[in-house]
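Asks: Please find one structure pasted underneath; my questions will follow.
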């Protein structure tokens, strides 16, 4: 393979590594779920783990259903997901 081809391959692998979410081996699978406000119309401040940003972010939760990536406080979100 030419040096240009190797450089391209290295660049693509680097890009893939940066854009791929953290492996679920580092935290539970529910941490990979998107924020889900659910079908209800409440306005509750909640937190979810954002795998690309690798941090817990605030969102508005409707009050019912949603998914497991939903925490009442940032202190509840960080230990299982951001650790």
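Including glycine, each Cβ sits where the backbone N, Cα and C put it.
Annotation source Swiss-Prot lists signal peptide at 1-24, citing sequence analysis. Annotation comment: Swiss-Prot describes 31-81, 40-64, 56-77 as disulfide bond, evidence class sequence analysis. The domain 'BPTI/Kunitz inhibitor' annotation in Swiss-Prot covers 31-81, and the record cites sequence analysis as its basis.
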Asks: Determine, from DSSP, whether residue 77 (disulfide bond) sits in helix, strand or coil.
Replies: helix
Asks: Looking at the disulfide-bonded residues listed here (40, 56, 64), whose Cα lies nearest to that of residue 81 (disulfide bond)?
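Replies: For residue 81 (disulfide bond), the closest Cα among 40, 56, 64 is found at 56.
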Asks: How many Å lie between the Cα of residue 31 (disulfide bond) and the Cα of residue 40 (disulfide bond)?
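Replies: With the alpha carbons as reference points, the distance is 22 Å.
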Asks: Return only the integer: C-alpha distance in Å from residue 40 (disulfide bond) to residue 77 (disulfide bond).
Replies: 22
Asks: What does DSSP assign residue 31 (disulfide bond), in three states?
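Replies: It is helical.
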